[in-house]
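Visitor: Shown below is the structure under consideration.
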Amino acid sequence: MKRPIVVLASGWILGVIVSSGWSLPFQWMIALTPWVWLVGGWMVYFQRRYPVIILLVCACTTGMVHFAWVDQHNRTLLTDEVEEGRIMGRIVSSPKIDGGWIQAEIEVYQLHTSKGWVQMKGEKMLLRVSLQSRKEKESAQRLERGAGVLASSVSLSRPSLARNPGAFNMRQYLYREGIHWVGDVKGWGNLHQIDSPRGIDRSVDRLRLIVMQKIEEIYPPETAGVMSGMLLGIREAVPSTIEEEFIHLGLVHLLAVSGLHVAIVVAMMYGGLTFMRVTREKAVMVTLCAIPIYVFLTGAAPSTVRAGVMAILGLMTLWWRRAPDRLSFLALAALLLLWWDPYILFSVGFQLSFGVTFALLVATGPVVEVLPFRWVAFNQVVAVTTIAQLASFPIILYHFHVISWLSWGVNLIIVPIFSLMITPLGYGALFLSFFNETLASLPAWLSSQVLSGVLYGMKWLTSLNGFEQSWEPPSWWWIFLYAGSVAYLLWSYTGGPLRPWRHRLTALVLLFGSIVFLHLPWVIQPGKELTITFLDVGQGDCTVIETPTGKVILVDGGGQLPFAKKEWQRKRKEYDVGKSVIIPYLHYQGIDKIDWLVITHGDADHIGGLGAVVKRFPVGKVIRNHHPPGSEMERALIKLLNQKQVPLLLPPLDRPYIIDQGITWQFLHPNTTGQTPGKLESSNDDSVVFLLEAGGSRILFTGDIEAHGEEEIRKRWELPSIDVLKVAHHGSKTSTEQELLNKLHPREAVISVGKNNRYGHPSPVVIKRLQQDGSRIWRTDHQGAITLRISPGKREMKAMLESVPSLQPFKD
């Protein structure tokens, strides 16, 4: 059998996947596994039959048992009744300070509640401390990993679930880290250090800080942060705008220490030692000792550990004078990581690192041989870039739902610049800085100049529009179809029968057909229903309407009311609801264009996220009220829309308009005929109001309209009864008057409102009115995003947080 370790790793991975998605009693799996190994061993030893299949099955069952055992023991000792207490424990992660917050993972040994002390046996918890002053922030910066702490007045809560479709699920992520609770502490005074930091982790953190300070000493401020991210994997040091450019162009892997960095370090160290006439054995030994230090120094991410293990195994074969088997090295690295933490299989870092590396090891050689270019080095660069892009494509779609078509060309040009110039010069300058900063200044200056030029080019490329493509998340069967098509394409170009052109054509048709099917599903599925999603954007409003043929209407864009912050309170990345909620949702839905943008009015909680959205997506037309921009935020938005030459229209009240087959909308307010801007008492009363009809259902969108505006609508229009009411002004008591409900009698009422908001929305008075009128109430603060699906004769509503029921109407 060739490469048994590869078969073993493949079976183990399959076992983790099966065990995570198919719940079998743990006792059954424990009882079954020895029998599988015994029967399999008997068949291989005595019958000499099916060794590969048997090893695969044995590894699969063992992987299933191991995952089930780990998952069964991943439990909390607390119950949901615990809400507050004092905790005693030790910090086990590097504390991270961002703005007015510091957070760290802590192993809790004791928890004191109203019922007494509870022994926690080292259960991990995420501790977050809000800082009240600059002085507290300065004190917090001295907190180190390994310190023993006592935290008082800790508010305990479960990690948050994903509140919008396609959003990040913090609870699932922390569960896989063995964390089940988040502890919030108000004020640095409630956190006390009771024991000095200890352990190797503290030494690693201090060494990392020293190295980072060296980088800051030899590099100018403009490039020091990027070099820290690139050489040490400290993403927090990279300016947020530059990090976004790396992400936008598909170059973010350069900011994560990966196999490329490990290979450069190993080559520089081993090559440097042999150049100085150190014997091969001693050079190998020194390099072997340095690799684990480098892996831990850079954060021990899956890609770094994988590369470190492969480098160690490669050096050992060099020492033993044997040919390296890189596929087996990769498989062994995967087995070690999965044994240590089986949940790591589901991390995007593990999937990208091992998936891309596997593809490179298998395909690079054959592809280089068939490329027509005369320079071997160029063939290798093209092959590596193409294979990496093809291998990472489904993984990126599955996790991030967006691809930049510039990525292949940018990687082809920029990765060699980083690999051959910036990164080696950076490591060389960093090494020399510990001996003589004058010697280090030359490679530091050269790498900084090259990096500055690259960053300038990246900034220009990022400014180009139209190269990012959104994709709906692929299904497993599509991923298998894509992988098979790519493998078939590789085989058809590097081997096969006498007439490979038929196979090449078939493989290309399969590959491009699968991509088209994924990106344009409505072409294949013309019966797709109308979808209306009321996003959870906190204390704000944002609704996305998608028609069966792919037209998109965005109603408002959420946002936060601006509050002044001091310099020390500002985060590295200030929260932007457009970047954090709306754009990820549009990517998740495969949306690339907004046909209509409806701005009901100019309040910050309705337009705050639209700036980022308009920069990312082309917008067809904008409908807004007749008020001139009333804030700097609104003026900036209107200016951006004008720069992009987007038509700004007033709501047409003359007749219903057809959006799509069987879907119409009728604007009801404001009536701009003969009015001057601001005639009503507030801009809320001039909110754009419209009625959407589809599939026999009526939905009324009301913006922030208040009692005066509602009265105007009642006087002007003969309102029909409706099925769904988007409740005005987040359920404020100044809106949704009884007179309006007497006309509408909505069956469903959706309230977009922030959790624990300072305004007391929604008003209990409005809730009572709606229930008495027979409406079922949906709230984004309790249930997350609310999705309404409409097809002819059918209407279905669903909350993102299904465990929270909607409020039912009163019954007589």
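Placed from the backbone N, Cα and C atoms, the Cβ positions cover glycine too.
These came from TrEMBL, pasted as-is:
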- 5-22: transmembrane segment (TRANSMEM)
- 52-70: transmembrane segment (TRANSMEM)
- 246-270: transmembrane segment (TRANSMEM)
- 282-297: transmembrane segment (TRANSMEM)
- 303-320: transmembrane segment (TRANSMEM)
- 327-346: transmembrane segment (TRANSMEM)
- 352-371: transmembrane segment (TRANSMEM)
- 378-400: transmembrane segment (TRANSMEM)
- 412-432: transmembrane segment (TRANSMEM)
- 439-456: transmembrane segment (TRANSMEM)
- 476-493: transmembrane segment (TRANSMEM)
- 505-524: transmembrane segment (TRANSMEM)
- 539-755: domain 'Metallo-beta-lactamase' (DOMAIN)
Visitor: State the residues, same chain only, that lie 6 or more residues beyond the ends of the transmembrane segment (412-432) and have a CB under 8 A from a CB inside it; answer 'none' if no residue qualifies.
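Guide: Answer is 211, 214-215, 218-219, 227, 230-231, 251, 254, 260-261, 264-265, 268, 381-382, 385, 439-444, 446-447, 450-451, 454, 458.
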Visitor: If contact means at least 3 Cβ pairs within less than 8 Å, sequence distance 6 or more, would you call the transmembrane segment (352-371) and the transmembrane segment (476-493) in contact?
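Guide: With 3 or more qualifying Cβ pairs, these stretches touch.
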Visitor: Across the domain 'Metallo-beta-lactamase' (539-755), what does the mean pLDDT come to, as a whole number?
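Guide: Across the residues of the domain 'Metallo-beta-lactamase' (539-755) the model's pLDDT averages 90 on the 0 to 100 scale.
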Visitor: Taking 52-70, 246-270, 282-297, 378-400, 476-493 as candidates, which has the most Cβ pairs under 8 Å with the transmembrane segment (303-320)?
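Guide: Checked against 52-70, 246-270, 282-297, 378-400, 476-493; highest Cβ contact count belongs to 246-270.
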Visitor: Give me the stretch from 52-70, 246-270, 282-297, 378-400 with the greatest number of Cβ pairs under 8 Å to the transmembrane segment (476-493).
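Guide: Answer, by Cβ pair count: 378-400.
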